[in-house]
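**Q** Structure incoming, see below.
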Amino acid sequence: MLKKVFETTNLKDSFQVEIGTYARNVDSSILVRYQDTVVLTTMVFSRKPNNLDFLPLTVIYQEKLYAAGKIPGSFLRREGRSNDHEILTSRLIDRSLRPLFPDYFQQEVQVINTVLSLDPDFKSELASMLGSSLSLLISEIPFFEAISGVYVGKINNEFIINPTLQQLANSTLHLIVAGTKHNVTMIEAHANEVSEQDFLEAINFAHQYIKKLCLFQENIKQQFAPVKMTKTLHQTEQIQQQSFFAKNHSQVKQAILSCNSKNDLQQLKEQILDQAKQTPFFKTIDAITVFDYEAHKKHLQITENLFQKLSKQEMRSLILQEKIRPDKRELEEIRTLESQIDLLPRAHGSALFTRGKTQSLAAVTLGCLSESKIIDGLSDEQNKRFMLHYNFPPFSVGAVGRYTAPSRREIGHGTLAEKAISQVLPEEKDFPYTIRVVSEILESNGSSSQATVCSSSLALMASGVPLKKAVAGISVGLVFDQETNKYVILSDIQGLEDHVGDMDLKIAGTNKGITALQMDLKIQGIPFKILQEAFLQAKKGRLHILEQMNQTISQPRLEVSKYAPKVCMMQIKPEKIRDIIGSGGKIINQIIESHDGVKIDIEQDGRVFVMHSNLETVKKTVAFIESLIQEIQVGTCYQASILRFLSDKQGKMIGAVAQVCPGIEGLIHVNKMKFQKITDVLKIGETVLVKCTKINERGRIDFLLLPKKTQEKNS
């Protein structure tokens with residue numbers, strides 16, 4: 001491969017691309033420099049043909065901690081399995097690229113993006129997307145159009161391309177858009193209740209910048225002039241397809257129109273495959289005729305692929321031409337909705353949300369702030385106090401499957417729902433808890449991630465988390481004939497419609513605006529007009545769902561569950577923190593032990609969070625801490641406990657050490673007492689009333705023991 005270097009011009013940010021210098025055993029090697037961010041993209045594909053009905057594309061995004069000058073914190077001190085950010089970025093790039101591959105290309109492709117250096121203000125995700133696109137574009141793979149991605153923020157009603165971290169912190173919109181020079185192919189965002197119109201304007205704004213980056217890649221492609229792989233359908237394959245379609249057309253259509261289309265289609269498929277198994281295949285080896293297993297296996301695979309193709313064609317035709325959906329709903333009709341709360345007595349909050357044959361059970365757990373998730377990646381270490389986990393067990397689709405670690409899909413769906421809900425959560429100062437929501441998908445027939453948004457919102461309200469507003473989510477689909485430009489937009493798509501459709505647009509939000517969004521396409525783009533219609537149709541469906549949810553619970557409960565821990569926040573002076581912790585944590589451990597294992601979190605700014613399941617224990621702990629940090633004043637009387645007696649080197653009694661609270665001790669000097677033998681009057685552990693008479697420059701305190709009459713009067 002030729003070694004060449006290219007650089008963008010007339011753009012806000014400068015990208016430099018170096019091709020063919022590194023990792024030269026691959027099909028494509030791209031080094032992308034985006035200011036101080038450096039990403040190496042490699043692409044390798046298999047020459048072995050596959051007879052599959054999908055593209056075996058694998059996109060990997062990996063961060064090396066040396067890119068930010070950090071040593072991994074794990075026991076082995078090396079990078080381990082991919083973290084959530086790496087998985088989500090891998091999915092982001094995959095979803096941007098996949099629509100650009102032709103249906104006939106089914107060879108295995110692996111694109112790996114390795115972050116070698118990182119400037120946090122210049123996103124490695126964008127450099128990876130550029131490198132991934134270019135690696136495919138200059139190869140012989142039939143990937144014909146460049147894609148690029150940009151971030152968009154919004155500050156003071158102005159859109160900003162590729163904002164810095166500081167700008168993003170003040171932005172009401174966090175939007176990532178990917179696309180070709182003609183159309184948008186992928187959208188992902190979370191926002192602070194941003195309107196549909198503002199979103200559409202932001203997407204259009206992003207596309208203007210995307211066009212320039214795509215043209216930059218097209219210019220590089222021209223210099224390499226790659227010869228692309230092509231495929232034409234052979235006459236034998238055409239005849240085989242026509243014969244199969246003619247023979248099974250009416251049966252497939254009838255199965256789709258049945259009341260139980262999904263099961264009927266599956267039964268029909270098994271019936272056709274059983275018939276195909278009866279077809280004999282033989283070959284001759286050394287004048288001996290034997291059964292040809294390979295040919296038989298290939299025949300079954302072709303039959304299954306043809307069935308999938310015919311089913312898709314018939315379903316799309318019914319939707320496009322006759323406006324008939326598999327479950328006979330109207331185009332904008334939402335499936336039957338059901339919801340209930342408080343299913344799990346001991347969980348801190350729970351809700352079940354059912355939409356048609358999709359069902360999500362959400363459970364909420366409230367914990368102390370020290371239980372927040374620590375995120376340690378290339379960026380600075382952060383604490384995450386809200387987590388939403390999505391579980392998709394195989395039984396949810398009536399299948400037998402393996403139980404393993406969360407898949408990339410589960411992590412992606414959970415993060416989307418998490419972003420949707422996080423926009424309406426209370427501030428930490430108003431609700432000092434770590435919040436974990438788990439969504440268990442009990443049934444699935446499409447839109448399970450958006451069912452998770454709904455069940456989570458209901459469960460959080462039921463748990464007493466003061467959400468600003470309820471949040472609902474909906475998936476909108478599209479069937480688009482690119483030859484005639486005829487299209488149909490479908491609200492609340494189910495599994496079959498998602499499978500045969502061209503778009504999956506997931507939008508979650510409140511009655512005011514959008515809080516999270518994700519759009520994936522199976523075609524190379526859609527006109528902006530269709531996107532506008534889809535946004536408005538999604539809004540209509542979202543408001544309908546919110547109305548139904550509000551009938552179950554419309555406002556957060558005023559108190560948390562009786563099983564949830566109670567918390568109290570107090571503000572102290574930062575210099576008083578040491579008085580609570582003590583030497584080696586001695587004092588704070590004493591507080592925890594003497595107050596039934598209470599949890600205490602202390603922040604550097606002086607905020608102290610006290611948490612326990614018993615509210616009285618919380619109050620007693622707070623009162624004790626307040627006594628710890630109180631400042632002794634001369635002339636003020638205090639209850640004190642006698643700790644020990646002091647003697648000088650000759651053994652002569654000096655006085656008694658009295659403790660007002662842990663860390664605050666003073667001396668009752670024998671000279672200030674009217675009796676000679678102090679041990680006759682005081683006993684260790686006895687509580688007495690003392691008066692502070694002096695605090696010297698070194699902080700030493702002198703106490704005066706008050707007469708018993710005064711003590712009795714004060715008691």
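The backbone N, Cα and C atoms fix where each Cβ goes, and this holds for glycine too.
Copying in the features that Swiss-Prot gives for the protein in this structure:
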- Asp498, Asp504: Mg(2+) binding site (BINDING)
- 565-625: domain 'KH' (DOMAIN)
- 635-709: domain 'S1 motif' (DOMAIN)
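Map these features onto the structure and tell me what's around them.
**A** Counting Cβ atoms from all protein chains shown, Asp504 (Mg(2+) binding site) has 21 others lying within 10 Å of its own Cβ. In the three-state DSSP reading, Asp504 (Mg(2+) binding site) counts as strand.
The average pLDDT for the domain 'KH' (565-625) in the predicted structure is 90.
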**Q** Per DSSP, Asp498 (Mg(2+) binding site) is which: helix, strand or coil?
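**A** Where Asp498 (Mg(2+) binding site) sits, the three-state DSSP reduction gives helix.
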**Q** If you skip the near sequence neighbours and keep only those at least six away, which residues in the chain come within under 8 angstroms of Asp498 (Mg(2+) binding site), Cβ to Cβ?
**A** Gly446, Ser475, Gly477, Asp504
